[in-house]
Amino acid sequence: MAKEKFARNKPHVNIGTIGHVDHGKTTLTAAITAVLAVTNGAKMMDYDAIDNAPEERERGITIATSHVEYETNNRHYAHVDCPGHADYVKNMITGAAQMDGAILVVSAADGPMPQTREHILLSKQVGVPYIVVFMNKEDMVDDEELLELVEMEIRELLDMYDFPGDDTPIVAGSAKEALDEAKTGTLGPWSAKIQKLMAAVDEYIPEPTREVDRDFLMPVEDVFSISGRGTVVTGRIERGTVKIGDAIEIVGIRDTQKTTVTGIEMFRKEMDQGLAGDNCGVLVRGIGKDDVERGQVLCKPGTINPHTKFTAEIYVLSKEEGGRHTPFFTNYRPQFYVRTTDVTGAIYLPEGTEMVMPGDNVSITVELIHPIAMEKGTKFAIREGGRTVGAGVVAEILA
């Protein structure tokens, strides 16, 4: 049997379910696939298949995530669901599964809970741009006023973390009832609420800008000198495109340098342009082999700057995950592995936080000893003696 080709006839969007434990994230994921299996030929995934998520490794951290795919009339979705709270935290901080938007599941019977708040905060910190809310377990609430109260609480919570509370779509329903309905092959009133939710997701979460359409950025992995041709910088293009003749900048570690691309090669073949995802060599004019080093980036001029001080959201590996066995305190100085290199930096803890235990996630301020090209959303690993002890994402640039 020939391998099925991925048909690109619909825009592709990555989403995920977030929210407090036992509010019904996985049941909702199963219900969406079940309802869309009846209408759009999605492959139905039952609860157990989603809940027994395979483990993946990302930046040296093991994360259990379930990937489900389905289609609405307008789009193709890849949907990620994590079984445990720690998996969510790790997933969002490492960016193991990028999310263009999220479905926040809140139990109508319980209202927002601590992890509801934490997942909204994390979404803000790691740059999940849009949230749509599903108020689950509506079948367990008889009081209309209680539903309105929970909805109001959710909107206030979103506002608190700079999401547009008033404009966020909130759809009430019951994932369990919808799942039971869809399993019979006939859709009823509960399934209609799942369809309403997906219509809101279709409409409210915009199509993401493709990596190719963004500003050019390539982390430097290696530098060679080719006699008669000059200096070649190799790496994998993270985003954007680069063409022969383009003016580019070399940013990070040292003073920013300007240069022009005189050639692009991939697999020893000449190319006119390199695209996001390509591993290639870029020939640069007037730059010596010793003027560039691993850890810098090539980029479109003026699009990314070198920084040393920032705030970040980090997850610290537990002892079982191969992390530290002891807590660390303010002024801890590990290495920060950003894109292709390690840079030493000092960690400052927020006021009122005495220490950070293995397994915690925390907001910190970092000061690096060298400037590195970075922006909000840049991911990094925290290492000590060559082993990963944490992972983080830049929340805000300070200097």
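Note that Cβ sites are derived from N, Cα and C of the backbone, with glycine treated the same way.
Under the heading domain 'tr-type G', Swiss-Prot lists 10-209.
Panel annotation: around the region 'G1' (19-26), residues 47, 50-51, 66, 81, 83, 85, 104-107, 110, 112-116, 119, 136-137, 175-176 of the same chain, lying at least six beyond its termini, place a Cβ under 8 Å from a Cβ of the stretch. Swiss-Prot lists 19-26 with the feature region 'G1'.
Under the DSSP three-state reduction, ASP22 (GTP binding site) is assigned to coil, being neither helix nor strand. The GTP binding site annotation in Swiss-Prot covers 19-26, 81-85, 136-139.
For THR26 (Mg(2+) binding site), the same-chain residues 6+ apart in sequence whose C-beta sits under 8 angstroms from its C-beta are THR17, TYR47, ILE50, ASP51, SER66, ASP81, PRO83. Taken from Swiss-Prot, the feature Mg(2+) binding site applies to THR26.
Swiss-Prot lists 60-64 with the feature region 'G2', giving similarity to another entry as the kind of evidence. Same-chain residues lying 6 or more positions outside the region 'G2' (60-64) and placing a CB less than 8 Å from one of its CB atoms are 53-54, 82-84, 87, 90-91, 94, 96, 315, 317, 321-322, 381, 387-388, 391.
According to Swiss-Prot, the feature region 'G3' maps to 81-84, an assignment based on similarity to another entry. Beyond the region 'G3' (81-84), the same-chain residues lying 6 or more positions past its ends with a Cβ under 8 Å from any Cβ of the stretch are 16-17, 25-26, 29, 50-53, 63-66, 68, 91.
What Swiss-Prot lists as region 'G4' is 136-139, and the listing cites similarity to another entry. DSSP assignment over the region 'G4' (136-139) gives 2 helix, 1 strand, 1 coil.
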For the region 'G2' (60-64), what's the mean pLDDT in this predicted model?
78
Could you work out which of the binding-site residues (LYS25, HIS85) has its C-beta surrounded by the smallest number of other C-beta atoms within 10 A?
HIS85
Counting only residues 6+ away in sequence within the same chain, which have a CB under 8 Å from the CB of GLU138 (GTP binding site)?
ALA108, LEU147, ALA172, GLY173, SER174, LYS193
For CYS82 (GTP binding site), list the number of other Cβ atoms lying within 10 Å of its Cβ atom.
25
